[in-house]
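Undergrad: Before anything else, here's the structure in question.
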Amino acid sequence: MTQSILSNLNHPNDIKNLSYSDLKYLAHEIRQRIIEVLSVNGGHLASNLGVVELTLALHKVFESPDDKFIWDVSHQTYVHKLLTGRNDRFHEIRQFKGLCGFSHPKESIHDHFHAGHAGTALSLALGVAKNRDLTKRKDYIIPIIGDATLTCGLTLEALNNISRELKRFIVILNDNAMSISKNVGAITHILSRLLSNPTTNKIHQELDTIVSKIPNYGPILSQQGHKITESLKNLVSPAVYFEQYGLSYIGPIDGHDTKKLVDVLEGVKDSNWPVIIHVLTRKGEGMDEAIKNPISYHGAKPFSKDTGKFLPNPVTKPTFPKIFGSHLLKMAEKDPSIVAITPAMSAGSCLDDFMKTFPERCIDVGIAESHAITFAGGMAYGGKMKIVASIYATFLQRAFDNVFHDICLQELPVVFAIDRAGISGPDGSTHHGIYDISFLNAMPNMIIAQPRNGQVLKELMESAFSWKRPTAIRYPNLMTEEFNHPICERELGKGEVLIEGTEILIVALGHMNQAALKVRDLLAQTGIEATVLDPIFVKPLDSELFCKLLLNHNKIVTIEEHSVVSGMGSIINNFLVGQGFNQIQVLNLGIPEAFLDHGRNQDLLNEIGLVPEKIFRQIQSHFNLIAQNTLNPVA
């Protein structure tokens, strides 16, 4: 049995003297370690299996942390973590108080940014390189970007800002979808210069004119000549594309050949200009199931490490996104004016069936959130189409100005289906959807609503187009009750009293009503009968209902899985002041003004006090309540 190499690695320098046969065995060990841990924890599997040799080559050639690897999105840094002293904690990845699933500077000096959103690496790297040059340092800056990153406007802006004089700047294009031409060799470089040369183009045009005049065969020869030229252009397009930005293009290179990668990286270290190395990798390399289905194994759920098959999921209820996706499809089958738009999240947002059924009415614009929102505004212009922009809450942050300038200011009736609203568990602080109410509430004309269950979600979806205003319907990725009752029209801005009592009014947003009802039961055991109100609408608030309830309630508790800063609680506080309810005592509960870490949702909620027992205790403490009987319902 071969002795483990991985278990004896303490620093990335430890791999520099390994033979290529040892590196091959280490790559095998790394893949087995990733598969073993993620079979239990879940996580970004396919992309990490695909970058093993690339990461080994980078650490073999460069000196981390002095030389800086800046990973775009950084969900593919598991191998990097294993090589930089975190193997002993790798079993904790994405777990509460464990390793982050993305790069994180607080975790290691080898991680330079806490990333999680796409398209940022190149801009960050250029900034780091400028800092290096101004401070007269000589370290290498190596941004690692994916092929999908090239759809990001931010990446294109950064490309446009690259200087030809920039040295020790090496961009790695990790192409795991082979979406860019994979033709290779010196001929690519030669033809790129030849076909982009104005003189060559002029000669081609003149020859085409002469050939086309040949009797009988002229048009055929001319047509074939055009086909050959277009083929050659496709052959060389990567070089032509990147070199116009000042980057010297090399590749494509086999991303699973460690020696070839090392040779190329060593060869460009002394380049006098910025370089981009096009590396072809395969998502899921080393695991058959992940290779066959890289989308499902991108963010994999727990699976059998022996067979690779996903473990049975004892799901008894649908999730909010599944209800959204299936109901939107039903609506679209009845109404041909409904169009869905998504920025590269059709699978996560459960729009795949919609896309298969109505491909012309489900538009995936790629990782381009700003464009997605403004594009939605353009489609909504004129009022003949009903536009649903489906987007994760954390990614909507990237399109703040587009929502303001291109939707709300224009008074366009786009419906925002805001997925992953609330805590996003193992993905952590880069992905929690806990700020959208804060910035959307500042937008004039905007409607903000959140359903407590699948039935209310469907009713909001059915009603939203009739309001003819920008509308945000936010919901978490959690299981919920669907009910399938007849769908009633939702009146704009109207809430619902779930249980009526006196003295304490508990206002809970969306799925937090489940916790609110449990809190009410705990309060009831101490002699207090509270009212539970589901406002449904954060904007506009049901002012009539609030004013009525406040006649016999002198305490309000707001509960939301959102930042307490400018969230629902703040909105209600402003309402109370504006209406003159100055004697009302208020307790606002939500996510504190801090970056919330990663872990299971329940662990995170418990830590910040948003579970029923802790909410109950906070209510008792804040309002100085004295139990009216001796029952202590909480241990």
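Every residue, even glycine, has its Cβ placed from backbone N, Cα and C.
When I checked Swiss-Prot for this same protein, it listed these features:
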type	residues	note
BINDING	HIS75, GLY116, HIS117, ALA118, ALA148, THR149, ASN176, GLU369	thiamine diphosphate binding site
BINDING	ASP147, ASN176	Mg(2+) binding site
Undergrad: Going by DSSP, give the three-state secondary structure for GLU369 (thiamine diphosphate binding site).
TA: helix
Undergrad: Tell me the Cα distance separating ASP147 (Mg(2+) binding site) from ASN176 (thiamine diphosphate binding site), rounded to the nearest angstrom.
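TA: The separation of the Cα atoms works out to 7 Å.
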Undergrad: Counting across all protein chains present, how many other Cβ atoms fall within 10 Å of the Cβ of ASN176 (thiamine diphosphate binding site)?
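TA: Counting Cβ neighbours of ASN176 (thiamine diphosphate binding site) within 10 Å gives 22.
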Undergrad: Find the longest CA to CA distance in the recorded thiamine diphosphate-binding set HIS75, GLY116, HIS117, ALA118, ALA148, THR149, ASN176, GLU369; express it in Å as a whole number.
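TA: Per the listed residues, the maximum Cα distance equals 22 Å.
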Undergrad: Least buried of the binding-site residues HIS75, HIS117, going by other Cβ atoms within 10 Å?
TA: HIS117
Undergrad: Using the structure shown, find which entry in ASP147, GLU369 (the binding-site residues) has the sparsest Cβ neighbourhood within 10 Å.
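TA: Least crowded of the binding-site residues ASP147, GLU369, by Cβ count within 10 Å, is ASP147.
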Undergrad: Looking only at C-alpha atoms, tell me how far GLY116 (thiamine diphosphate binding site) is from ASP147 (Mg(2+) binding site), rounded to the nearest Å.
TA: 16
Undergrad: Cα-Cα, whole number of Å: ASP147 (Mg(2+) binding site) versus HIS75 (thiamine diphosphate binding site)?
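TA: Checking the Cα atoms of ASP147 (Mg(2+) binding site) and HIS75 (thiamine diphosphate binding site) gives a distance of 14 Å.
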Undergrad: List the same-chain residues at least 6 positions away in sequence whose Cβ sits under 8 Å from the Cβ of THR149 (thiamine diphosphate binding site), in sequence order, or say none.
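TA: For THR149 (thiamine diphosphate binding site), the qualifying residues are ASP72, VAL73, ALA118, GLY119, ALA121, LEU122, THR155, ILE367.
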Undergrad: Cβ atoms within 10 Å, counted per site: which of ALA118, ALA148 has the most, among these binding-site residues?
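TA: Its Cβ has the most other Cβ atoms within 10 Å: ALA118.
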Undergrad: Near the Cβ of GLY116 (thiamine diphosphate binding site), how many other Cβ atoms are there if near means within 10 Å?
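TA: Result for GLY116 (thiamine diphosphate binding site): 22 neighbouring Cβ atoms inside 10 Å.
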